[in-house]
Each structure stands twice: as C-alpha cells, then as structure tokens.
Amino acid sequence: MADSDVFTIAREEISSRLWLGSSMYPSPDIMVSAFASAQPGFVTMSLRRQTAGDLANNDYHERVNQWLGASQSRLLPNTAGCQSAKEAIQLAILARELFKTSWIKLEVIGDEYSLQPNVFELVSAARELSAQGFYVLPYCTDDLVVCESLLHAGCPAVMPWGAPIGTGKGIINPYQLRTLRARLPDTTIIVDAGIGRPSQAMQAMEMGADGVLLNTAVAKAANPVTMAGAFAAAVDAGRAAFHAGFMTERDMASPSTPVAGLPFWHTAMREGQHHD
Ligand SMILES: CC(=O)[C@@H](O)[C@H](O)COP(=O)(O)O
C-alpha cells in the first residue's frame with residue numbers, strides 16, 4: 001500500500017484502521033496483550049460499566065493509559081447503554097472530564113432486542129455534542145439519509161453497523177455499504193459491530209470502508225491475542241486490495257495461460273540453436 005495512506009479524522013492522524021472494544025475479555029492481562037497484538041487505532045470504553053469508585057479514583061485515568069500500553073491507541077469513551085439523547089449528552093460530558101478527550105463514540109440504543117440505534121435521538125445528541133466541541137463518532141444504521149443527517153449534525157465520520165452487536169454475522173447488507181461508499185465518497189466510514197471473522201473485516205475494507213470496529217469476535221475468541229493479530233492483518237490486507245483495484249468478475253471462463261502458438265522457451269531454444 002502507498003505510504004501516503006495516512007488515516008486522519010478531523011485532521012488528526014489515527015494510527016490504525018482497526019479499532020477494538022474493551023469488554024468481555026477473559027482477563028485484563030489478555031485484553032492488554034490483545035491490544036499489543038493488534039495495535040488498534042482506538043480502544044472504546046464504556047463509562048456505564050465503571051463503578052462509582054472507579055470514577056472517583058484519581059488513578060483511573062492512569063490505569064486506562066496503562067491498559068493502552070506502549071501502543072499508539074487512543075481511548076474512545078462511549079455512551080453504551082444510553083437510550084435518549086439527554087442521557088448520552090450527560091454521559092459524554094462526564095467522559096470528557098474523566099478521560100480528558102473530546103472524542104466520543106455516540107451510542108443511543110432504540111431497541112433492546114436488536115440493540116438497533118434510535119437514529120432520531122442519535123442525530124439530536126450528535127448536533128448538541130458537536131456544537132459543544134466534541135468529535136462525535138456515531139454508531140448508526142447503514143441508512144444513507146441517517147448518515148447524511150449525522151454529517152450535517154457535525155460528525156467527522158459515521159459508523160454504520162455491519163450486523164447487530166454481538167451477532168458475528170458480518171456485513172448483512174452489502175448493498176447498503178456499497179451505497180454509502182458510492183454516495184458519500186469523501187466521508188470516513190467505520191463499520192461498527194457484528195463482525196465475527198477476519199474475512200468479514202477484510203470484506204468491509206475491500207468494499208471501501210475506512211476502518212472496522214469490533215469487540216466480541218476478539219474478546220470471545222478461544223485465543224483473543226492471536227485473533228486480534230489476525231484481524232489487524234485482515235484489515236490491512238482489505239485496505240491494500242481496495243487500493244490495488246480489483247479485476248472485473250466475469251461469467252465465462254477465460255484462460256489465464258495462453259494456449260495459442262509455441263511456448264516461449266521453444267522459440268528461445270530455436271534462437272539459441274541458430275546462434276550456434
Ligand atoms: C456499537 C457497539 O457497542 C459496538 O461497538 C460493539 O462494541 C462492538 O460490536 P461487536 O461486539 O459486535 O463487535
């Protein structure tokens with residue numbers, strides 16, 4: 001891939017196109033090793049899962065930075081568990097104070113069964129938080145008009161789902177992702193949630209996604225550290241392939257080895273004899 005494939009959002013360089021969540025790992029040590037293996041651009045963290053004691057602890061910020069280790073990963077607090085714009089805005093403001101970052105992954109869930117975002121509340125929260133100076137990265141559906149509304153609200157990127165959170169089904173609606181890529185050619189698109197295998201992450205990247213965010217597939221792998229590395233390689237490969245340009249698919253077979261004429265070595269041999 002060209003060295004010039006620098007990844008920026010809101011004019012800030014992001015070190016990797018693979019982003020990872022921080023829940024459900026078998027242990028903190030395994031999680032840290034998985035981050036070291038994948039070197040994710042962002043690591044997301046839910047404030048809701050922290051205890052009041054955690055939040056009051058002055059060392060908390062320090063501990064989170066230790067989790068990120070020597071990697072160049074950034075912390076991306078999220079508003080997981082929020083069901084209204086009001087709740088999400090309050091949590092984002094708390095996250096900014098606690099983690100000293102204006103980046104926020106905005107989640108407003110509208111349906112408990114599918115964990116589908118409430119896109120009306122999402123756009124409303126995105127507008128307010130953007131006005132307050134946040135860099136809002138919204139977890140959304142793959143609906144073109146919703147993504148356009150989020151961009152108009154001030155989001156520097158959109159994060160449409162591949163499939164519902166935790167399902168591992170991959171890109172269940174490739175048509176929608178293709179539509180988003182075609183209609184929003186200059187928008188940063190991060191496929192967020194539902195990715196179960198490295199091949200699915202690669203598919204998203206081959207389709208032109210700018211990055212992939214996932215959690216369950218690594219945290220719940222039999223070997224999270226190895227799986228994290230596999231996802232990192234898949235995301236890089238998918239990106240390189242997208243840039244390289246694909247051959248055109250065709251229905252009829254077309255010989256990749258020429259069958260007409262003499263083999264080149266035959267000609268070369270004859271020429272050799274001639275010189276003798
Ligand atoms: C929106 C959301 O919460 C996702 O980022 C989730 O954390 C990752 O989804 P998977 O666990 O399906 O990868």
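The backbone N, Cα and C atoms fix where each Cβ goes, glycine too.
Unlike curated entries, TrEMBL annotations are predicted automatically.
When the candidates Gly166, Gly229, Gly238 are compared with the 1-deoxy-D-xylulose 5-phosphate site entry in TrEMBL, which names Ala193, Gly194, Asn215, Thr216, the shared residue is Gly166. In this structure, the binding-site residues under consideration are Asn215, Thr216, and the one with the smallest number of other Cβ atoms within 10 Å of its Cβ is Thr216.
In this structure, the recorded positions that sit close to ligand 1, with a C-beta under 6 angstroms from any of its atoms, are Gly166, Gly194, chosen from Lys105, Gly166, Gly194.
Take the CB of Gly166 (1-deoxy-D-xylulose 5-phosphate binding site) and look out to 10 A: across all protein chains shown you find 15 other CB atoms. Of all residue pairs in the 1-deoxy-D-xylulose 5-phosphate-binding list (Gly166, Ala193, Gly194, Asn215, Thr216), the one with the greatest Cα separation is 9 Å apart. Sequence-distant neighbours of Gly194 (1-deoxy-D-xylulose 5-phosphate binding site) (same chain, six or more apart, CB under 8 Å from its CB) are Trp161, Gly162, Ala163, Pro164, Ile165, Gly166, Thr167, Gly168, Lys169, Gly170, Ile171, Ile172, listed in sequence order.
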